[in-house]
Amino acid sequence: MTTILENLPAGQKVGIAFSGGLDTSAALHWMRIKGAVPYAYTANLGQPDEDDYDAIPKRAIQYGAEGARLIDCRAQLVAEGIAALQCGAFHISTAGVTYFNTTPIGRAVTGTMLVAAMKEDGVNIWGDGSTYKGNDIERFYRYGLLVNPDLKIYKPWLDQQFIDELGGRAEMSEFMRQAGFEYKMSAEKAYSTDSNLLGATHEAKDLESLESGIKIVNPIMGVAFWRDDVKIDKEEVTIRFEEGRPVALNGVEYKDAVALLLEANRIGGRHGLGMSDQIENRIIEAKSRGIYEAPGLALLYIAYERLVTGIHNEDTIEQYRENGRRLGRLLYQGRWFDPQAIMLRETAQRWVARAVTGEVTVELRRGNDYSIIGTRSPNLTYQPERLSMEKVQSMFSPRDRIGQLTMRNLDITDTRDKLRIYSQVGLLAAGESSALPKLKEDESGN
């Protein structure tokens, strides 16, 4: 039995993820006058460009919602964001600059918490503003059905009647005006923006062209660090972690993780830290481009990674990074709560994050230009005296190293044998600067 409804279910309760913007406002009112019983659910995700959440449900009632609820998702959003950080669940990067999966984390929280609220109200049909070409339509589909297996999906933007009657923003604005709401269409930007407390995404329109860059974006979580007229003073900040959790900034302890992340956003934002320009693969394997902001997560990640590399051994770090990339991809695909993701999360949080206790001091300059200037932890396995070139009490002697190097003869001989085989079958060509001719000579005894 299909879970997707292509036509408006007249006479039935329909929940809509309501942002208060033109699209969802017009959709809600249209559903009401066409005979559905709409319920509006608004997620408070701490969006930096939203200043009056309490007014949003009131507007929904005015537009025809039978009921409207504001769901505070901030604590859960930050909890999932810190979990992603602890696991390094970030698979998209360009030249070492990371995208922190802030939109996928937000969708995991919104998709579960709003559908749970709808279920409490006996609403088993859900609509949202995601389009059929994007990632969110699949993310919301998965998370919604995880919470409510009886859920049906109705999206106005997949309903041909809605598209025919209200196919664009100009038509929606006129529709609302004729209904007596005097809804003024906001000025069109050169790109679209989606944000939450963790970060902001700028994409589409002019940003679809790779000839348009970060300079056309007006940051909403920080400063335009590329502009010469923007003055940015260098700043030192100390971040403290306890058992993998960020607990203090500049010596100020935070019991509330939301408050800590807000302060981290302010600090990082003053420098434009955490902005990146990424080309990525959507779930459907088509490439898209986004410009991202995440000043607070970027600041915390610098400190967390520094402590991870100072505390854990090489093989643990390798597993942390490999599993983090795998987990990041699952998160991006809307599988944050799938068993394979939970297994990877549990491993990293238990065996990597729990050992991460300490402080890191960072000097921030412009954009992603920074220096680590101090690292302190009771759990450091970095011990300079082990490798000091000075005359100190060493943990091993020159003769110990001679023995260790002698044991390497076994695998070196193995490697030479394999190189001879590869050369004989033509897999390796001996060039003038290559050592392979010498290997051939050795075969003849010279």
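Cβ coordinates come from backbone N, Cα and C, glycine included.
Sequence annotations record features per position, and here Swiss-Prot assigns ATP binding site to Ala17, Phe18, Ser19, Gly20, Gly21, Leu22, Asp23, Thr24, Ser25, Ala43, Gly129, Thr131, Asp136, Asp194 based on sequence analysis. DSSP gives Ser25 (ATP binding site) a helix state.
Following the DSSP three-state reduction, the secondary structure of Thr201 (L-citrulline binding site) is strand. The L-citrulline binding site feature in Swiss-Prot is assigned to Tyr99, Asn135, Arg139, Ser192, Thr201, Glu203, Glu280; the stated evidence is sequence analysis.
Following the DSSP three-state reduction, the secondary structure of Asp136 (ATP binding site) is helix. Swiss-Prot lists Thr131, Asn135, Asp136 with the feature L-aspartate binding site.
All chains included, 26 other C-beta atoms sit within 10 angstroms of the C-beta of Ser25 (ATP binding site).
The Cα atom of Asn135 (L-citrulline binding site) lies nearest to that of Gly129, taking the binding-site residues Ala17, Ser19, Ser25, Gly129 as the candidates. Comparing local CB density within 10 A for the binding-site residues Asp23, Asp136, Glu280, the maximum falls on Asp136.
Ser19 (ATP binding site) and Thr131 (L-aspartate binding site) have their C-alpha atoms 15 Å apart, to the nearest angstrom.
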